[in-house]
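The block underneath contains the structure these notes are about, expressed in structure tokens.
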Amino acid sequence: AGGAAGPGSAARRRRRGRAMGAEAGGPRDTAPGQQLRALFYALPPGESSFRTVEEVPDYVEKSIPFFITFIGLEFAVSWIQKRKLPGRINDGISSLSLGILSRLPDVLFRSIELISYIHVWNNYRLFELPWDSPWTWYLTLLGVDFAYYCFHRMSHEVNILWAAHQVHHSSEDYNLFTALRQSVLQKYTSWMFNLPMALFIPPSVFAVHLQFNLLYQFWIHTEVITKLGPLEWILNTPSHHRVHHGRNPYCIDKNYGGALIIWDRIFGTFEAEDAKVVYGLTHPVNSFDPIMLQLRPLAHIWNTFWATPGFCNKLSVIFKGPGWGPGKPRLGLPEEIPVITGKEVPFNPPVPGYLNCYALVHFAVIVDLYTELLASVTILSQGTVLLRIGFIILSLASFGLLIENKSKAGILEIIRCLIFIGVYKLGYFRSQFSFLGYAYEV
């Protein structure tokens, strides 16, 4: 009823859907070893070239188990090296919440990056490079990474783009959780930087490298890896990317590369790691609420736009740097960047231990429901999908308030739990682990 189905029929339809997808040239399966190498951009052309976009595996979704494994490994190595964990529960939940939020639009719509690229390819391409040529593969590697460099640099130098990208920089920790802290809005501006490649590079090749470039950037968000010797000259490494995430004056607007650091060296935006990096925004947001973290920068631009006199100045609020003001240079004044003393204390409101445990357990439930949604979205009605997405957003907002120990968090959490019981009993939610159904209700 209403798009829900019993577990038996859902499983049968899922198996049937996979079989039909295989017959129709659907996404190919990848072996665990291939998936692991995809994380490090180490799948050669022979293993990652496909004739059509439909055949390209969803490398990002299939990397989720490896994300979890590497996060656990990072915790273990950090404890062995420094006798401390690489992050905090509240910041980790916030980062993962932002990561889930950023992926929810893809549940409903095909990636705008692929839609726009395929449109240009179908209607305006000048010529067609062979999809199975290693030369096409390596050219696309360079093209996607250079497009990312351009977009990433603009995201720091154009205020309206920074309003989306700043979400990724808002953590005051630096660990693999931070890699998953992504913006909902960023993809709706990044797509245009890839369009020149659509004039000659097949969409299937582009779709592979778009994912590889993103996956590569996961493992460089860590402090447990120091320097990588000669590779530091060519590749973007944890050391280089730590600088990019720093709010020390020497770190601002440096090291924009995705998989390669060569663009920063060519265009003068490279900076080697020197003094201890202090992470986060120059003006910390002091919140773990994922909705607020996504939207508050836009509200700030809106208010500044109307408060700034003069039409040209109003346009400058949108299109110049986030540090700009009337009478200042385009990117603001370097001397206005707050001085780093080394005694900065990350935002960490006091929360009872039981509340952290409660938020962690319930967040794990939402992660389970989210991954089940990804696995079954093709067999669910649109109404059921929207219901699940709405509940996930409500839950993530509630967890953000809980780990800040806000006064109204309890009321929202009671409402959330009552909604959960209702829709779970009606069959609109389903765990991947059926044996946990009763535990979830409790």
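Glycine is no exception: its Cβ is also placed from the backbone N, Cα and C atoms.
Please treat TrEMBL annotations as automatic predictions, because they have not gone through curation.
Your range for region 'Disordered', going by TrEMBL and the list 1-32, 225-256, is 1-32. Residue counts for the domain 'Alkylglycerol monooxygenase C-terminal' (355-442) under DSSP (helix as H, G, I; strand as E, B; rest coil) come to 71 helix, 0 strand, 17 coil. In the predicted model, the domain 'Alkylglycerol monooxygenase C-terminal' (355-442) shows an average pLDDT of 90.
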